[in-house]
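Engineer: The following feature annotations were taken from TrEMBL:
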{"type": "TRANSMEM", "residues": "12-31", "note": "transmembrane segment"}
{"type": "TRANSMEM", "residues": "37-53", "note": "transmembrane segment"}
{"type": "TRANSMEM", "residues": "65-86", "note": "transmembrane segment"}
Amino acid sequence: MVNFRQPRDIAQVLLSVLFLAILIVACLWIVQPFILGFAWAGTIVIATWPILLRLQKLLWGRRSLAVLVMTLLLVLLFIIPIALLVNSIVDGSGPLIHAVTAGDMTLPD
């Protein structure tokens, strides 16, 4: 039996490994700002999975309809508190802006 494998040059192997390492580091550098979001998304998916399965049973076994309802519920669950928070900040910022522009505001010691 004849061996047709060509011997590899050590420089080619090292450059290939170096290129792959640089590529992996670059990918991690790009994905790094999103890792926390991925972790939160995974936590939410794991926590709401039984609810989705129960909702799917209630909706005649239709997964797409259950996913749509679940998505709308989760959007409402996150958007409504954020909207209330923004509204509260906007309502409470009037006296603060007035105090800053009038110069009546003193810093604590």
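Positions of Cβ are set from backbone N, Cα and C atoms, glycine also.
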Engineer: Same-chain Cβ contacts of the transmembrane segment (12-31) under 8 Å, 6 or more residues past its ends?
Structural biologist: none
Engineer: Cβ under 8 Å to the transmembrane segment (37-53), counting only same-chain residues 6 or more beyond its ends: which ones?
Structural biologist: 66-67, 70, 74
